[in-house]
Amino acid sequence: MDSSGADLDRIEAQRSMLVSHDQRKDFSHSGGVGTTSPTGDTEPVPKFRTNLKLSDLFALPGEDVEMTPEIFGGMSNGEKECLEKLRSNGTPMERVKSNTGDSILHIAAKWGHLELVKEIIFECPCLLFEQNSSRQTPLHVATHGGHTKVVEALVASVTSALASLSTEESEGLNPHVLKDEDGNTALYYAIEGRYLEMATCLVNADKDAPFLGNNKGISSLYEAVDAGNKFEDLVKAILKTTDDNVDREVRKFNLDSKLQGNKHLAHVALKAKSIGVLDVILDEYPSLMDEQDEDGRTCLSYGASIGYYKGLCNILNRSTKGVYVCDQDGSFPIHSAAKNEHYEIIKEFIKRCPASKYLLNRLGQNILHVAAKNEASLTAYMLMHDKDTKHLGVGQDVDGNTPLHLAVMNWDFDSITCLASRNHEILKLRNKSGLRARDIAESEVKPNYIFHERWTLALLLYAIHSSGFESVKSLTIQSVPLDPKKNRHYVNALLVVAALVATVTFAAGFTIPGGYISDSKKPNLGRATLATNPTLFIFLLFDILAMQSSVATICTLIWAQLGDLALILKSLHVALPLLLFSLLCMPVAFLFGVITAIAHVKWLLVTISIISGGFFLFAIFILGPHVMLQRSHLPPSSGIFLKTFMLTIDISELFVILIKACFGCVACSE
């Protein structure tokens, strides 16, 4: 809106008085910084008089006037009539405040009413610097709300107002560097909200604002780097504030002196996985890739830990010296990759620096130790199958432990097989306590049934048996329940399952496929119609086996109800195999019962047979280990079944992941 000198004089006449220079209110909480004019087009805003006094930028003295609900609602709705009401009532607009300390300009800026903001600025320029109870200026409020046009208008107004004053008078009046109660500037809110156009306007208005940190030690520059590729050009504009001819060390010193809070910009770029921003930072300040963060990690270690392959290669292309720089905990970048199971990064390290595979941490552990210790089974598997790293399996740390020792200590059954089967020498090695991996497993396994411990022990013993290193009589040991009450609940659950199987199979025996001969004129009245059908015979055979096995299970488990621990163990050793057998016979009986009825439909017969066969095998590999690992004696030859079960688990997990992915895609499309 345009105005003349006469209009400004009219507005000045409406004011009761002007405060003097020594009565002004100090609104700055962060020190003054000179401003530069913003670039880019902005909305036209009221022009200030060239002879603007400092007193024009501060509110009238006196107490605040409580904002009425009518004025609050009207300003929130963008109604200019509210200003006229305030004028007609003689209410000083500068003193009208809500219960949260918001001025009328705060409210108009919060809801993005551009024209109302312009008019308020024209009449009350002092409100540009007014802060609410949260120490936020209208510029804070507008940026937080994401109103770019309003922000541009406020920035242009502030720049015009300060330009009309002398340098001495304008010092300390820069709202671009004012911080709210959380220590955030308006620029921080713009970047946090990912408003690129708005952030660019604010950066152009004040080049020092991006370096100010909040109460959490996060600066606007840090937040811009964390925003990723979208803010690449803005980060470049912020960092390109010095002459290229200045020495890099001097530029780095200048950056450190200006940047408040967290200074690990390269780490943040890696976290954001923004290769463009990383290039901007390292091109301008190459030494940042050698710095360590608050956890003592170099850029390479941090990139390896999060698995950012492109960023890590970018750093390695610049320099590989960081590969041999350890963190504060004594680990090298290649150890971070092994710990977090990023095998492709390990390969990249070894490709560029072959000697890095021999690096040891403070515990004397190599990458295979670290992988085994942290249950990174896939990494351990790949390293043991690589001829260049396979020999690391016999390495011993400061305690004499091999990777296999550490895997056993952590009961990592996934790593056991590859570590023990790919290098038989590892089975013979003893640590400084004189213990082999087998000794640790057998001594540390708990007496009560804990699946992953007994599973690990069984796989280790099978690997020893397969290698021929020493004899193994059994893959399991006797388990003793610690709580008889919990064991009784387990027995009761088995009784319920066995009773259900017996009931279902008993009923199925009298509702056979094809029914019975009901015609009195035909021979064999009341006999099965398909009695001579071989598939019906198989149906009846497995149905009877399932029923009889379940009944035998019930009879056996009745003994377990007496509470005698020895009887419980012996009953379970008999009942569990019987129940497993009955559960497997039941689906076979069902399959042949269906085949009897639909044998003439070939395609349906094949489909049902394939589906049933798959789930039958799945049931074997799910229920089998549960029964086998509870037996006091399991011959070593059973180990092949356990290894196959491991493969089944991996396939099942992959199948579940695929199903989730498919349903996720369907959900996204909907």
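Heads up, the Cβ atoms here are built off N, Cα and C, so glycines get one too.
The annotation region 'Disordered' is assigned in Swiss-Prot to 18-47. The repeat 'ANK 1' annotation in Swiss-Prot covers 66-95 and rests on sequence analysis. Sequence annotations record features per position, and here Swiss-Prot assigns repeat 'ANK 2' to 100-129 based on sequence analysis. Swiss-Prot lists 182-211 with the feature repeat 'ANK 4', giving sequence analysis as the kind of evidence. What Swiss-Prot lists as repeat 'ANK 5' is 216-248. Among the features that Swiss-Prot reports, repeat 'ANK 7' is placed at 295-325. The repeat 'ANK 8' annotation in Swiss-Prot covers 329-358 and rests on sequence analysis. Per Swiss-Prot, the feature repeat 'ANK 9' maps to 363-391. Per Swiss-Prot, the feature topological domain 'Extracellular' maps to 478-492, 559-577, 624-638; the stated evidence is a curator's inference.
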Non-local residues, at least 6 beyond the ends, that sit with Cβ under 8 Å of the repeat 'ANK 8' (329-358): 296-298, 300-307, 309, 312-313, 316, 320, 322-323, 365-368, 370-371, 374, 376, 378-379, 382-383, 388-389, 392
Long-range neighbours of the repeat 'ANK 7' (295-325), counting only residues six or more past its ends (CB under 8 A): 266-267, 269-271, 273, 275, 278-279, 282, 286, 288-289, 331-334, 336-337, 339-340, 342, 344-345, 348-349, 352-353, 356, 359
Folded-back contacts onto the repeat 'ANK 5' (216-248), same chain, C-beta under 8 angstroms, at least six residues removed: 182-183, 185, 187-188, 191-192, 194, 196, 199-200, 203, 207, 209-210, 254-255, 259-262, 265, 268-269, 271-277, 280-281, 284-287
Tertiary contacts of the topological domain 'Extracellular' (559-577) (same chain, 6+ residues out, Cβ under 8 Å): 478, 480-481, 484, 487-488, 491, 494, 498, 553, 626-627, 630-632
Helix, strand and coil residues within the topological domain 'Extracellular' (624-638) as assigned by DSSP: 8 helix, 0 strand, 7 coil
DSSP helix/strand/coil residue counts for the repeat 'ANK 4' (182-211): 20 helix, 0 strand, 10 coil
Residues from the same chain, set at least six apart from the ends of the topological domain 'Extracellular' (624-638), whose C-beta lies under 8 A from its own: 449, 451, 454-455, 458, 461-462, 465, 472-479, 569, 572-573, 576-577, 580, 645
For the repeat 'ANK 9' (363-391), residues assigned helix / strand / coil by DSSP: 17 helix, 0 strand, 12 coil
